[in-house]
């Protein structure tokens, strides 16, 4: 008798995606981050749902409702900090996942890559709106500064900003709509994840060698389910360490002060995972130029398949490209550090240099070095 998981219409989908899925036998731990992102998304949806049961999206009560969650709700403090620090883990996994795609040439799977970029943008939008909800000082001023960037769009900019605000400043209408969007977007993200996996399973996974995996594949279960479970445990350990011992390590002290439109904090900055883009935005003195650079810093990922000049898909056997990849990683760390510093020298000039290096590496230096490597290999 045929196993029910292979014939039942619903179970067949699960079976072909997570049990009998033919998987390359040599994919390394860098491939674990896809499943970890799924775990992070599930955690965010569950904790977010419980927070939404107690949160009120009103300027008068939002801050006190978050305080109420932390003080009066059973394990409310834990749910809140799991949600806040879970977002940090989510972005850490996202950046590593994208980095792995760049290093091993997974961007050649164009549909999967493009849906991935859409996912990255959607997750960033969701996280930004979530940061506004506690209605602390940094929530309010972060929302004001970031939404104000749209006013740089010629002709329609100012009207667009007021339309997003629902008035002439960030106020009750803004908070209500941000909560509505923050609630619905994770479910849209879940749908996009399914499309991401659909396209991935059409072509099959890439592997560290960058060659065809067809001659040597193994079933996903039990090999990679066990491996993913180990990855999840190793992710939970630092997350729980953060939540239970250092819950405010990655937050901003200003967000423990209720939002006050009459008092601007000395340094307005977003959460750590947006600091690299924020540093690029600040490194250009012109408002429109800064906004374009900010958008380009993410959307540049979409043109990476067009910039591929290497004859080998993976960087596994390309030491020069490997060095440049890690220079790019170090550059992004530098930008993250600069984004959290005040706007004064030497931070301004370091930020400008790091921003120029970021775009130069992706657009010019890495494609050129790939061509040199082709010549060295006589290809």
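Every residue gets a Cβ built from N, Cα and C, even glycine.
Keep in mind that this is a model prediction, so the values were computed, not measured.
Within the listed segments 205-225, 226-246, Swiss-Prot records transmembrane segment for the stretch 226-246.
Looking at 113-133, 134-154, the range annotated in Swiss-Prot as transmembrane segment turns out to be 113-133. Among the binding-site residues 83, 97, 182, 196, 201, the residue whose Cβ has the fewest other Cβ atoms within 10 Å is 201. Same-chain residues lying 6 or more positions outside the transmembrane segment (33-53) and placing a CB less than 8 Å from one of its CB atoms are 69, 79-80, 82-83, 86-87, 89-90, 93-94, 96-97, 100, 130, 182-183, 186-187, 189-190, 193, 228, 231-232, 235. Within its own chain, the transmembrane segment (178-198) is flanked in space by residues 17, 37-38, 41, 44-45, 48, 52, 55, 57, 112, 115-116, 118-119, 122-123, 125-126, 129-130, 132-133, 143, which lie at least six positions past its ends and keep a Cβ under 8 Å from the stretch.
Against the transmembrane segment (226-246), the recorded stretches 77-98, 113-133, 288-308, 320-340, 347-367 differ in Cβ pairs under 8 Å, and the greatest number is found for 77-98. Ranked by Cα separation from residue 97 (heme b b566 binding site), the binding-site residues 83, 182, 201 are led by 201.
If you take the Cα of residue 201 (ubiquinone binding site) and the Cα of residue 83 (heme b b562 binding site), they are about 30 angstrom apart, rounded to a whole number. Here the transmembrane segment (320-340) has long-range neighbours at 95, 99, 102-103, 269-270, 272, 274-280, 282, 310, 347, 350-351, 354-355, 357-358, 361-362, 365-366, 369-370, 372-373, meaning same-chain residues at least 6 beyond its ends whose C-beta is under 8 angstroms from one of its own.
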